[in-house]
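According to TrEMBL, the features are:
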type: DOMAIN; residues: 26-104; note: domain 'RRM'
type: REGION; residues: 107-133; note: region 'Disordered'
type: COMPBIAS; residues: 120-133; note: compositional bias 'Basic and acidic residues'
């Protein structure tokens, strides 16, 4: 089953420019994290694969509190690719996380894009935010 690419219109002028960035990226998008997860937990989890250059935690754009996603930038692209196959669907702080290749972190991307300030997926979920988060 082929996965549809999310085109980040606010940071890439075309899907093609985003694909070019993806082709050389060593950055991962990490989703479905607990709101209580902190950067040191993420660093510890992802350092199992290889050296991590940077961890950026996603924040609600209004309250600047964690909102369940983040970015991990590896020193080596190969480690990012290994993490996708080895750490996707693993548990971090009690949550099964999603690990996907990202075109690269740019300032501003750490803020949620949902109407409520958090993630769009939380806005769409009936009943609001998953209470387990």
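Note: Cβ is positioned from N, Cα and C throughout, glycine not excepted.
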Any idea what the model's mean pLDDT is for the domain 'RRM' (26-104)?
95
DSSP-derived helix, strand and coil totals, residue by residue, for the domain 'RRM' (26-104):
19 helix, 31 strand, 29 coil
